[in-house]
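Chemist: Once you've had a glance at the structure underneath, I'll fire off some questions.
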C-alpha cells in the first residue's frame, strides 16, 4: 500500500524507524493472516541464496501458486521487485476497499489504482476463497433485504446479533477452498456475504459482468490472471530503490 507491490504490508510496527505498520489498519486487523508462511519461505530462500529474492516477489509468487493450487488459473509472475523500507498505516486505511462499500465507491477505489470496472469485478472474484469476520457482515445478514433468507439464516448461526465479532465465515459458502466461479453464482442468487460483494450484483452497471463470470469460468480465469499481473506491476520498486529484506517483518 505504501508504494504498491512492495511488501510493505509484511512490516511490523517499527519504533526505531518511527512508523506504524499496516497489519493493524482496519482492513487488515485480525483478518490478514499467514505471515508465518511467508517467514518460512523467506528463511529457506535466505539459506539457499541470501539477499537475492525480495519479500515482494515472494508475495507475488505465493499469490499465484495458492490460486493455482486451489484449482484456479496460473499466470507468469514478473520478478525483480524490491522491498519498501517503510509502511503506511494511513494509506492502508484509506486506499483499501472496505467491505461496507457500495458499487460507486468500489469503482472509485480501484480506479485510483488504475483498474477498470471490469478488472475490479474480476479481482473481487478472489473472494471465492478466504473468510471474513462476523463484525464485517453482521449488518448485512440481519438488516439487508437483498439477501437470500435461507442463506442469511445459516450464517446467523455463527454470527449472533451481538458478540462473536471475530467469528469467521467463508466468503464463498458454496466451495470455500476451491478457486472457481462459485462466488459469482452466489451473487446472482443474492448470497454475497459482504455488503461490498452483493453491491456488484444489485441492479447496477456490473450486473452483466457478474452474470458473465457466473456462467463462464474460463472468461473469469483469463480476466483474473491478467488483472493480477497488472496488480503485481503496480508501483513496484526496482533498481536501487528500496531493498531486499533479510527478514520480511523488519527493515534491514
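The backbone N, Cα and C atoms fix where each Cβ goes, glycine too.
The domain 'Plant heme peroxidase family profile' annotation in TrEMBL covers 1-252. Annotation comment: TrEMBL describes 4, 6, 8, 22 as Ca(2+) 1 binding site. Sequence annotations record features per position, and here TrEMBL assigns disulfide bond to 55-248, 134-159. What TrEMBL records for 127 is heme b binding site. Look at TrEMBL and you will find 128, 172, 180 tagged as Ca(2+) 2 binding site.
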Chemist: Give me the Cα-Cα distance between residue 180 (Ca(2+) 2 binding site) and residue 8 (Ca(2+) 1 binding site), rounded to a whole Å.
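Modeler: Cα of residue 180 (Ca(2+) 2 binding site) to Cα of residue 8 (Ca(2+) 1 binding site) measures 29 Å after rounding.
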Chemist: Consider the recorded positions 4, 55, 134, 159 and say which one has the Cα lying nearest the Cα of residue 128 (Ca(2+) 2 binding site).
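Modeler: Comparing Cα positions, the closest of these recorded positions turns out to be 134.
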Chemist: Rounded to a whole angstrom, what is the C-alpha distance between residue 6 (Ca(2+) 1 binding site) and residue 55 (disulfide bond)?
Modeler: 8
Chemist: Round to a whole number and give the Cα-to-Cα distance in Å for the pair residue 55 (disulfide bond) and residue 4 (Ca(2+) 1 binding site).
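Modeler: Rounded to the nearest whole number, the Cα-Cα distance is 13 Å.
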Chemist: From the centroid of the CB atoms of 128, 172, 180, the recorded Ca(2+) 2 site, which same-chain residues not already listed sit within 8 A by their CB, in sequence order?
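Modeler: Here the nearby residues are 125, 127, 129, 174, 175, 176, 178, 179, 181, 182, 183.
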Chemist: Within the domain 'Plant heme peroxidase family profile' (1-252) only, compute the mean pLDDT.
Modeler: 95
Chemist: Round to the nearest Å and give the CA-to-CA distance linking residue 4 (Ca(2+) 1 binding site) with residue 134 (disulfide bond).
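Modeler: Checking the Cα atoms of residue 4 (Ca(2+) 1 binding site) and residue 134 (disulfide bond) gives a distance of 29 Å.
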Chemist: What's the CA-CA gap between residue 172 (Ca(2+) 2 binding site) and the residue listed as 'heme b binding site' in angstrom, rounded?
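Modeler: About 7 Å separates the two Cα atoms.
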Chemist: Spatially speaking, which of the recorded positions 22, 134, 159, 248 is closest to the residue listed as 'heme b binding site'? Use C-alpha to C-alpha, please.
Modeler: 134
Chemist: Compared by Cα position, which of the recorded positions 8, 22, 248 is the closest one to residue 159 (disulfide bond)?
Modeler: 22
Chemist: Where residue 8 (Ca(2+) 1 binding site) and residue 248 (disulfide bond) are concerned, what is their Cα separation in Å, rounded?
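Modeler: Between the alpha carbons of residue 8 (Ca(2+) 1 binding site) and residue 248 (disulfide bond) there are 9 Å.
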Chemist: Using CB atoms and a 10 A radius, I'd like the single residue among the binding-site residues 8, 128 with the highest neighbour count.
Modeler: 128
Chemist: May I ask which residues of the same chain, at least 6 positions away in sequence, place their Cβ under 8 angstroms from the Cβ of residue 134 (disulfide bond)?
Modeler: 158, 159, 160, 164, 165, 166, 167, 168, 169
